[in-house]
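Colleague: Below, the features straight out of Swiss-Prot:
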type: SIGNAL; residues: 1-22; note: signal peptide
type: DISULFID; residues: Cys81-Cys319; note: disulfide bond
type: CARBOHYD; residues: Asn102; note: N-linked glycosylation site
type: ACT_SITE; residues: Ser177; note: active site
type: DISULFID; residues: Cys240-Cys254; note: disulfide bond
type: DISULFID; residues: Cys278-Cys285; note: disulfide bond
type: CARBOHYD; residues: Asn299; note: N-linked glycosylation site
type: CARBOHYD; residues: Asn323; note: N-linked glycosylation site
type: ACT_SITE; residues: Asp355; note: active site
type: CARBOHYD; residues: Asn371; note: N-linked glycosylation site
type: ACT_SITE; residues: His408; note: active site
Amino acid sequence: MSLTLEFLLLLIVLILSHHAHSGSIVKFLPGFEGPLPFELETGYIGIGEEEEVQLFYYFIKSEKNPEEDPLLLWLSGGPGCSSLTGLLFENGPVALKFEVYNGSVPSLVSTTYSWTKMANIIFLDQPVGSGFSYSRTPLVDKISDTGEVKRIYEFLQKWLSKHQQFFSNPFYVGGDSYSGMIVPPLVQEIGKGNYQINLQGYILGNPITDTESEQNYQIPYAHGMALISDELYKSMERICKGNYVKVDSLNTKCYKLIKDYQKCIHKLNKYHILLPDCDITSPDCFLYRYTLITFWANNKSVREALQVNKGSIGKWVQCNYKNISYNYDIKSSVAYHMKNSIDGYRSLIYNGDHDMMVPFLATQAWIRSLNYSITDDWKPWMINDQIAGYTRSYSNKMTFATIKGSGHTAEYKPKETSIMFKRWISAQPL
C-alpha cells in the first residue's frame, strides 16, 4: 500500500472519528464553584447536504439512571430564543444567581428543581440564528415553521446516531411558548419517519397554538382577572361579537371599545400580570436575569468552556428577533395535536394561570375542540397539602394542568413545574 493511500485512509478515519465524537464534555463552567455535579456535553450537529447549518446543543445526562430514564428534547420559543434560557431559568440543574452585575462573570448556583433529576435532556438552539447556532453560508430558503420541523428531525437522527445508547430510552419532545407551533408537527414527523426512536409523547407549557384565537381569548381573560369592567367586556362581546383581531373596518364602535380596552392593559406585564412591566436592566426587575444571562453568555471564558466555535457568531442575544427572517407558515397546530392523539402519544399541556399572552382559556378551548371525553375531571393537584394548580385528563392520553401563580414560562414557578413533570413522566397522577 502506498504512503499516499495510507495517509488518505488515516485522514478518513480521523474525520469519521471527529464526527462521531463531535460533542465535548464540559466539567467546569465559569461562575460555578468547583466541578459540575452533573454530566454536561455541548456541541454542534451539521444540518443539510453540506452541513452548512450548525445547530448548537447542550446535553445533560439524567442524575438518576441515564441508561433507562427518558430522553427529552427541549425547544425554547420565540421563534429565535436560545435554549440556554430553559437550562438556566426553567428546568436545568444550574441557574444564574440573582445579584447585581459587578463586571465579573455572573455566578451560577445548583438548583433543586432540575428535570435532569429524572430525565436526560437535550437543550437545542433553534432555529439557526438562535443562541450559538449559525450557518456557514447564507441560507437559500427563508426559515419557516415547516422547514424547522425538518431540520430538528434531521438533528435528532444525527444526534442519536452519535449517541446510540439512548435509542431505546423513552423519547419525548418538550418546549414552551412558540414551540407550541413546532413540537406537535415534529412529533408527527418523528412518528412517521423513524420507528427506531422510542417516541412516547410530548410536553408543552403555555403553548402558542392558534395566535388569532389566543389574542381573542385575552379579552375574556382580562375580564375574569378584573382588568376591565363588566360594562366594557359586555359591550365588546355584543358589538365585536367575540372577534377582536380581525375587526370589520366598518365596525367603528368595536374599534373604539378596543382602544378603551388597550388603555386598561397597555402598562401590564402580559407574561405575568402580577409582576411589574419593568426595565430588564434594573436589578429590581424579575427579568433582570435576562441581563445577567447576556453578560454570562458573551463572556470569553464561558464561550471557551462551552466549546463555541470562534468567530461563528457575534454577540449572543437571548432572543434573536431582529436578525432572523421567519416565515410563519403553520397558522394553527391543532390538527397536529389531533393526529398525535390518534397515533396514541401521551401529552402534558400546562399553563401558568397568570399568563395573558397565552391565556389558559385559549388552551382549554382548543383542547375541547379535539372532542375527546374526560377521563378524570377538573380537580386541584397538590404539593405538601397545598393547591399547586388544577388538572383534567382526557381519553386521548392528554393531561391539562394549570400552575397556580405562574406566568408564561416555567421560570416563574420552577419547583411546582418540576414536581408536575416528575409525576407525569413517571405515569403518576398529578
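Yeah, the Cβs are placed from backbone N, Cα and C, and that goes for glycine too.
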Colleague: Name the one residue among Ser177, Asp355, His408 whose Cα is closest in three-dimensional space to that of Cys319 (disulfide bond); these are the active-site residues.
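Modeller: Result: the closest of the active-site residues to Cys319 (disulfide bond) is Ser177.
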Colleague: Looking at the recorded positions Asn102, Cys240, His408, which ones sit with their CA no more than 10 Å from the CA of Asp355 (active site)?
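Modeller: Final answer, ordered: His408.
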Colleague: State the Cα to Cα distance, in Å, between Cys278 (disulfide bond) and His408 (active site), rounded to an integer.
Modeller: 16
Colleague: In the structure shown, which of the disulfide-bonded residues Cys278, Cys285, Cys319 has the fewest Cβ neighbours within 10 Å?
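Modeller: Checked Cys278, Cys285, Cys319; of these disulfide-bonded residues, fewest Cβ neighbours within 10 Å: Cys278.
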Colleague: By CA distance, which of the recorded positions (Cys240, Cys254, Asn299) lies nearest to Asn371 (N-linked glycosylation site)?
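Modeller: It is Cys240, whose Cα lies nearest.
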Colleague: Tell me, how many other CB atoms lie within 10 A of the CB of Cys240 (disulfide bond), whichever protein chain they belong to?
Modeller: 21
Colleague: In the structure shown, which of the disulfide-bonded residues Cys81, Cys254 has the fewest other Cβ atoms within 10 Å?
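Modeller: It is Cys254 that, of the disulfide-bonded residues Cys81, Cys254, has the fewest other Cβ atoms within 10 Å.
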Colleague: For Ser177 (active site), which residues in the same chain are close in space, meaning a Cβ under 8 Å from its Cβ, but six or more apart along the sequence?
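Modeller: Ser177 (active site) has long-range Cβ partners Ser76, Gly77, Gly78, Cys81, Gly205, Asn206, Pro207, Ile208, Met357, Val358, His408, Thr409.
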Colleague: I'd like the Cβ neighbour count for Asn371 (N-linked glycosylation site), meaning other Cβ atoms within 10 Å of its Cβ, all protein chains included.
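Modeller: Excluding its own Cβ, Asn371 (N-linked glycosylation site) sees 10 Cβ atoms within 10 Å.
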Colleague: Between Cys254 (disulfide bond) and Cys285 (disulfide bond), what C-alpha distance do you get in Å?
Modeller: 35
Colleague: Restricting to the same chain and to sequence separations of six or more, state which residues have a Cβ under 8 Å from that of Asn102 (N-linked glycosylation site).
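Modeller: Counting only residues 6 or more apart in sequence, Asn102 (N-linked glycosylation site) has no Cβ neighbour under 8 Å.
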Colleague: When DSSP is mapped onto helix/strand/coil, what comes out for Cys240 (disulfide bond)?
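Modeller: DSSP call for Cys240 (disulfide bond): helix.
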Colleague: Roughly how many Å lie between the Cα atoms of Cys240 (disulfide bond) and Asn299 (N-linked glycosylation site), rounded to a whole value?
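Modeller: Rounded to a whole number, the Cα-Cα distance is 51 Å.
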Colleague: Go through Asn299, Asn323, His408, our recorded positions, and report the one whose Cβ sees the most other Cβ atoms within 10 Å.
Modeller: His408
